[in-house]
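Here is what Swiss-Prot says about this protein:
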type: TRANSMEM; residues: 3-23; note: transmembrane segment
type: TRANSMEM; residues: 34-54; note: transmembrane segment
type: TRANSMEM; residues: 65-85; note: transmembrane segment
type: BINDING; residues: GLY77, THR80; note: Na(+) binding site
type: TRANSMEM; residues: 102-122; note: transmembrane segment
Amino acid sequence: MSFTTIFYIGFGGALGAILRSFTNGFVSKIFPNLSFPLGTLSVNIIGGFFIGFLMSLASNINIDINLKSFLVTGFLGGLTTFSTFSYENMLLLQSGNYTNAFLNIASNLLLSLLFCYFGFWIVKVMYA
């Protein structure tokens, strides 16, 4: 892997992490009393959609390796988060909020996968 590719991954990751932080803050301001990690769910659904879209697009057109690395590995890797998802569920379980923990786990898995497929499907329709 070239230094240039590593740079693009790092730069994309930084931007994705910044957007994740802004998204979490924005969602917290809209729903200040919500005891559900909606910000993390939001970024994981958005990331699921865009990785499906971009990977499907990459199978139909030639995307520069640095651009793909920036967008997929860097930006979407920084935007989405499994570690925060895990931590938030641990907190929900420790506080006895089993319903929200279950809903959060199911929502993240099912909706992220559904939106990933939706992004993939959009490109499939575009190139049919």
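Backbone N, Cα and C atoms are what each Cβ position is placed from, and that goes for glycine too.
The stretch in closest packing with the transmembrane segment (3-23), judged by the count of Cβ pairs under 8 Å and taken from 34-54, 65-85, 102-122, is 65-85. Sorted by the number of other CB atoms within 10 A, the binding-site residues GLY77, THR80 start with GLY77, the lowest. Note on the transmembrane segment (102-122): residues 36-37, 40-41, 44-56, 80, 85, 88-89, 92 of its chain, located 6 or more positions outside it, place their CB under 8 angstroms from a CB of the stretch. In the three-state DSSP assignment, the secondary structure recorded for THR80 (Na(+) binding site) is coil.
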